[in-house]
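J.: The structure under discussion is supplied below as structure tokens; questions concerning it will follow.
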Amino acid sequence: MRKRTEPVTLEHERCAASGSSSSGSAAAALDADCSLKQNLRLAGKGTAEPHSASDAGMKRALGRRKSLWFRLRKILLCVLGFYIAIPFLVKLCPGIQAKLIFLNFVRVPYFIDLKKPQDQGLNHTCNYYLQPEDDVTIGVWHTIPSVWWKNAQGKDQMWYEDALASNHPIILYLHGNAGTRGGDHRVELYKVLSSLGYHVVTFDYRGWGDSVGTPSERGMTYDALHVFDWIKARSGDNPVYIWGHSLGTGVATNLVRRLCERETPPDALILESPFTNIREEAKSHPFSVIYRYFPGFDWFFLDPITSSGIKFANDENMKHISCPLLILHAEDDPVVPFHLGRKLYNIAAPSRSFRDFKVQFIPFHSDLGYRHKYIYKSPELPRILREFLGKSEPERQH
């Protein structure tokens, strides 16, 4: 009996030992599996975090790009809308074109006292005010020949007016748009002409500088006519020449045409940087570049000019002018293209109205850099004027 129970007991003990060993192994395996899964989760979480951060950064960058593109597109649409709107605005408000042509609101240089030409280095110049019409007053400068500058000190307006009767020729200078009679390049030209023995009379059209009135082609021409008659009433038989620059050439040919029609022509007409007519000049002007090929350019931009009564038809006026004509033009003129000055000469030269008078065209090479308003710098200018107009009276005291 005892022998049979021992094996059973031993068997049970082995089974128990085996069972406890199996359960321990299973528990260890289970713990290992859990640990492995936890490690895998941690590893997965660690690798996922950089990916999610990278994705967020890319999203932010894309967002910024979209926002920038949206703003850029908005700006482009605004510019395009503005570009398209301007022609319609000009067509509906022709006065805008008149403002851009006259530019009388641009006063350069600023802060100068036009009552004091001596502040601009013109110490032999007198400031006048004339009244062409009831509600119009224009400021005038009269610069005498430079050899009289000492005698001119402290003299009044009457002395200057009497000086016009001296035996020296007179140039009536008609300036272009923008600025005043005190513009830098204009003052330098007065000095050159004065040094050559000429009286120089210039003025600001109504609406320019300190002159009172509203600008218009008719008004500008009438102002010039009034000043011319004022000069002739005081100058006796002295030669009177008319010099127009840029837009002033339009005023000059309007004036001379009227003078010729009433049979009181000037002794000569000088046109510096002239154009043919205001339509061709406006089409060739640098400001028109961005619209020059715009559909309906003439209808939108040029027709409003003529509908405002602005023509400045130099080409048409040439057919009615009978006096010597000198045209000066720089090849590198960026404002009034050289070819317009040449074209005007080609219209005038064969005209019957000039058949008994000298017509001359003087080009200035682009290498000289005289552009639109610096022809006065040319050392050849005194010779050109002397040969065309004749030698001015020898210098003498007044």
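For all residues, glycine too, the Cβ spot is worked out from N, Cα and C.
Reproduced below are the annotations present in Swiss-Prot:
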- 1-74: topological domain 'Cytoplasmic' (TOPO_DOM)
- 1-15: compositional bias 'Basic and acidic residues' (COMPBIAS)
- 1-24: region 'Disordered' (REGION)
- 75-95: transmembrane segment (TRANSMEM)
- 96-398: topological domain 'Extracellular' (TOPO_DOM)
- N123: N-linked glycosylation site (CARBOHYD)
- S246: active site, nucleophile (ACT_SITE)
- D333: active site, charge relay system (ACT_SITE)
- H372: active site, charge relay system (ACT_SITE)
J.: Please report how many Å separate the Cα atom of the residue listed as 'active site, nucleophile' from that of N123 (N-linked glycosylation site), as a whole number.
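T.: A Cα-Cα distance of 27 Å.
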J.: Measuring Cα to Cα, how far is D333 (active site, charge relay system) from H372 (active site, charge relay system) in Å?
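T.: Given the Cα positions, D333 (active site, charge relay system) is 5 Å from H372 (active site, charge relay system).
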J.: Enter the number of other CB atoms within 10 angstroms of the CB of D333 (active site, charge relay system).
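T.: The Cβ of D333 (active site, charge relay system) has 23 Cβ neighbours within 10 Å.
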J.: Got a sec? Which of these recorded positions, N123, S246, has the most Cβ atoms within 10 Å?
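T.: Highest number of other Cβ atoms within 10 Å: S246.
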J.: What number of additional C-beta atoms lies within 10 angstroms of the C-beta atom of H372 (active site, charge relay system)?
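T.: Other Cβ atoms found within 10 Å: 18.
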J.: How big is the gap, in Å, between the Cα of N123 (N-linked glycosylation site) and that of H372 (active site, charge relay system), rounded to a whole number?
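T.: The Cα atom of N123 (N-linked glycosylation site) is 27 Å away from the Cα atom of H372 (active site, charge relay system).
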J.: I'd like to know the mean pLDDT over the topological domain 'Cytoplasmic' (1-74).
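T.: Average per-residue pLDDT within the topological domain 'Cytoplasmic' (1-74): 56.
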